[in-house]
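Handing you a structure now.
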Amino acid sequence: MEFSGSPLTLFCCVFFLFLTGSLAQGIGSIVTNDLFNEMLKNRNDGRCPANGFYTYDAFIAAANSFPGFGTSGDDTARRKEIAAFFGQTSHETTGGSLSAEPFTGGYCFVRQNDQSDRYYGRGPIQLTNQNNYEKAGNAIRQDLVNNPDLVATDATISFKTAIWFWMTPQDNKPSSHDVIIGSWTPSAADQSANRAPGCGVITNIINGGIECGVGPNAAVEDRIGYYRRYCGMLNVAPGDNLDCYNQRNFAQG
């Protein structure tokens, strides 16, 4: 290709091509605006308290703050992680049956209904507990201990706390990220607890104390339903070990 512009113009053009090429390989190359809106199609329903809060731009800005999120491994691993993240967070924020189509009520809520504790659940992952607010705030450089409501009033911060929780191992729990991309190897304790790689372990990480090891229950079924829907939209197989019915929760060792 012949180029007749100045060296500065040439540099700018090359930089632009490099930048747009890099962005094309990011999470936005899989989660487009249209796909985001179709996945979370009822989030702006007038019956939803979160109406107008969760935006595509806020999600992309937050995701880009965590370079490995939705960009690790091959295309299948990336798509599966996105499906798992939105499957879990859609359950956490579900508004139930907003339409005849099942598993389309995600991202209806920002705040937990029970707000008796200052650090009640907020955002896509329903971040709770002062310790989590402090750790998340340190990671994203926000004072969430003194300003916890930032998680419910700033959509980018809200998504950042959810992705931080997703990407970060805690105590004896692996990160949800490592589980879904296949980087986690169960320890002897995990094997004894029936914790095998798959979305069931992610449910155990997020809410195992209530939902895991107690047999079949509606909450786990809802998480699986959302995950399967998003896997279908992303053209990826959901894999094995989707529930945690027979898993010991992490608090039990």
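Backbone N, Cα and C atoms are what each Cβ position is placed from, and that goes for glycine too.
Taken from Swiss-Prot, the feature active site, proton donor applies to Glu92, supported by similarity to another entry. The feature disulfide bond is assigned by Swiss-Prot to Cys212-Cys244, with similarity to another entry given as support. Taken from Swiss-Prot, the feature signal peptide applies to 1-24.
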In whole Å, how far does the CA atom of Cys244 (disulfide bond) lie from that of the residue listed as 'active site, proton donor'?
16
Using Cβ-Cβ distances, find the residues under 8 Å from Cys212 (disulfide bond) that belong to the same chain and are at least 6 apart in sequence, listing them in sequence order.
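Same-chain residues close to Cys212 (disulfide bond) (Cβ under 8 Å, separated by 6 or more) are Gly200, Thr203, Asn204, Val220, Cys244, Tyr245, Gln247, Arg248, Asn249.
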Using all protein chains in view, find how many other C-beta atoms are within 10 Å of the C-beta of the residue listed as 'active site, proton donor'.
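A 10 Å sphere around the Cβ of the residue listed as 'active site, proton donor' contains 22 other Cβ atoms.
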When you measure from the Cβ of Cys244 (disulfide bond), how many other Cβ atoms are you left with inside 10 Å?
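Around Cys244 (disulfide bond), other Cβ atoms within 10 Å: 30.
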What does DSSP assign Glu92 (active site, proton donor), in three states?
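Once the DSSP labels are grouped into three classes, Glu92 (active site, proton donor) ends up as helix.
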